[in-house]
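Notes follow once the structure below has been shown.
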Amino acid sequence: MAIDISATSKLWSFPGGIHPPERKAPANMTAIQRFPLPPVLFIPLRQHAGEPGELCVAVGDYVLKGQPLTIPGVDNGLPVHASTSGTITAIQQHPLNHPSGLTGLTLCLEPDGKDAWYPRQPIANIDAISQREVLQHLQAMGIAGLGGAGFPTARKVAGARNIDVLIINGVECEPYIVSDDRLMREHAGEILAGSLLLQKLTSAKQLVIAIEDNKPEAAAAFAAAIHDSNATDTDTTELKGAAAVLKIVPTRYPSGGEKQLIQILTGKQVPVRGLPADIGILMQNVGTAFAVARAIHHGEPLLERVVTITGEAVHQPGTAWALLGTPIEYLLAQSGFRAQEKKQRVIMGGPMMGFTVTNLQIPVIKTTNCILAPSQKELAPAEAEMACIRCGACEIACPASLLPQQLQWLAKAKDYDGLKQHNLADCIECGACAYVCPSQIPLVQYYRQAKAEIREQAIEQQKAEIARQRFEARQARLEREKEERLAKHKKAAEARKAAQAAQAARQTESSTDGEQDPVKAALARVKAKKAQQDRGVEPAKSEQKDAVAAAVARAKAKKAERDANAESTPATTEKKDAVAAAVARAKAKKAERERLAKLEAENIGDSENKQNATNNKGNENS
Amino acid sequence: MSWFIGIMALATIALVAGLILGFAAIRFRVESDPIVEQIDNLLPQTQCGQCGYPGCRPYAEAIANGDELNKCPPGGQATIDQLADLLGREAKPLDEAHGEEAQKTVAVIREDECIGCTKCIQACPVDAILGAAKQMHTVIADECTGCDLCVEPCPVDCIDMVPVATKPERWKWQLDQIPVNVIDASKAASAESASKAS
């Protein structure tokens, strides 16, 4: 089903959303300023999503405005360009425009004030060259999405197939930020030109420009630009029929989010883990469209962007064309920044999605849309977090139909699987839930940490997988080398053996020549003897058998003799009888002797008794 | 007779169902991931040998055969918990005897001091050191698992284990760890006056 959006077609709605105070005035009251050149520019090598390119300048080089400073690396990223002419004074670590406050490799460019241009190569006729060449030109011009993430535009366009609708996003729903608003008011014609170029590149059937209803001036400027383009571009009749449609959407935060705006305009939802291109939609920011127009029609790389400098701590709030690399301290100073209190905060981005900067020397990069210096009264600093009372306000506010409260519990419990199941990845970090939370819970902070942890785990998992493969490859290699070594040793041993055998053979061969006849004769003798022995084996066998038979016979004879000896036992019985007789005799003798001894003892006893009696008598007498 | 019909009917149903199940068991066989593979996937693959086994896979095999789960310092408590979850065992605290859960490091060779002995290359379990005999060696930082195994064999002690620097794209939103930098109002004002003067 093709999407058809006309000026009168129905607007849909997305769930949730909030209405924070807009505070777009007074920054949107004044025209975009152009400050004098800053004393120094800090150009980080990495300004977009992806890996930084390779440096192609050195310290001390003089560079011209628009000269590329890096060449895209292996991941086909974007180059960075010199924002003005001047000298590269240093290439060093410098605080990055990042919430972490970490440093990164940065080029320091000292402007010479001439603002001399590097040769520009505009594309005169886009129809004369292929889409691929145009996209390569956009990449070389360093065009990135200026709406938020800074994704390379050429890659986004190249990846989009079968696009029905190209939406140019001029919603700019976040409070305070007026960069796109001012750009649309002042350069609607050029944005429209860029949008038409993008439409041609994507072959989109329709071009829709969406603006929130709190920017009537911008809408009027666009309406006029569309009218003009229809009136003047009589030659591009094929585009005329499908001229840009201007849609005014109601003010509600975050209607400028890609998925939310698609839902408002088409009533369709971008699938989970999908891209808008999956449902035939491509979205670009108005700033990107403007940059595309400048890059194609004028050959200008992306060197500057509109930055809103606002907040009560700034005396002259407004917008300015800031060269990429301008330190934000310079922009604040130019706008009359006076720190209101001791703990003055400076926020990069808006109050909903921005982050507090840690260093004022951080540069403006491609995605910097606002520098906000609020007073304490204006934007109260975060209060102490209180317990969740399960009021459910966050769930009502969530534009992605998630369960912020549940996500918060899971994030606190570090249940990353649970967070994945609850589609944490679909959170756009708009901050609506934290804004409505009565307990001042920094919900988005929890989600960001959890997302970072999930991402970290995925990276670690990937690294572990690579390490495992390398380990296994190494083990396999070591095993193979060991086997090869063994095979080599074996081969060498065999070769040695073969060599020895060959030598021996050579020796025998040489002996046949006659010199060593005795040896040969001896060998022959030995051989002959052996042969004889071999021949003698047959008769010897029968001889041996006879010998065995004889031995057996001898043994039998011996046994028989032994048996014969055994028959001479009567002699032994006689002997035994004799012994027995002798024993009997001895016994008889003993018995006789005992009898005699008894008798004798009896006789002696009688006489003794007599003697004893007479002795007793004699004693009594004495 | 009716009891016979009943038994026959049940037997027939049992036979048919058994045939279907038997066929399905062969035809739709799912090769389940062997437990060693699953354990190995949870281990950090540093191949550091701090567990006492020569690499992560041997330790995975040992765990599958009943060894303790808490011998892997690079994986830390998170890995122990995951292993306990997978195997249905009790998650114990990390065994201090095998080392402590430390910050992730990467080996860096002080290249001026390297004598090109190739001893570290032989020690590296993931082939993350490049070099040749009598040539300077260097570590492929992206492939280094921080296992420390190359430090010991180096005869000139030119290998340092350096903590891995946090990159912005891998920063974990620890806002409380950002050094608080109070923006100086007077400095901003002076910058303003200086720029106005110019």
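Backbone N, Cα and C atoms are what each Cβ position is placed from, and that goes for glycine too.
Automatic prediction, not curation, is the source of TrEMBL annotations.
B:C154 is the residue from B:C56, B:C72, B:C154 that TrEMBL records in the [4Fe-4S] cluster 2 site together with B:C114, B:C117, B:C120.
The candidate list B:C51, B:C124 contains one residue that TrEMBL assigns to the [4Fe-4S] cluster 3 site with B:C144, B:C147, B:C150, namely B:C124. For the domain '4Fe-4S ferredoxin-type' (B:105-134), the list of distant contacts is 47-49, 55, 140-141, 143-156, 158-164: same-chain residues at least six beyond its ends, Cβ to Cβ under 8 Å. Beyond the ends of the domain '4Fe-4S ferredoxin-type' (B:135-164), by six or more residues, the same chain brings 44-49, 74, 103-111, 113-129 to within a C-beta distance below 8 angstroms of the stretch. Annotated pair B:C154 ([4Fe-4S] cluster 2 binding site) and B:C144 ([4Fe-4S] cluster 3 binding site), C-alpha to C-alpha distance, rounded: 16 Å. Cβ neighbour density within 10 Å is lowest for B:C114 among the binding-site residues B:C56, B:C114, B:C150. Among the binding-site residues listed here, namely B:C117, B:C120, B:C124, B:C124 has its C-alpha nearest to that of B:C51 ([4Fe-4S] cluster 1 binding site). Here B:C150 ([4Fe-4S] cluster 3 binding site) is positioned 10 angstrom away from B:C48 ([4Fe-4S] cluster 1 binding site), judged by their C-alpha atoms. Mean pLDDT, taken over the domain '4Fe-4S ferredoxin-type' (B:105-134), works out to 92 on the 0 to 100 scale. Cα distances from B:C114 ([4Fe-4S] cluster 2 binding site) to the binding-site residues B:C56, B:C144, B:C147, B:C150 are smallest for B:C150.
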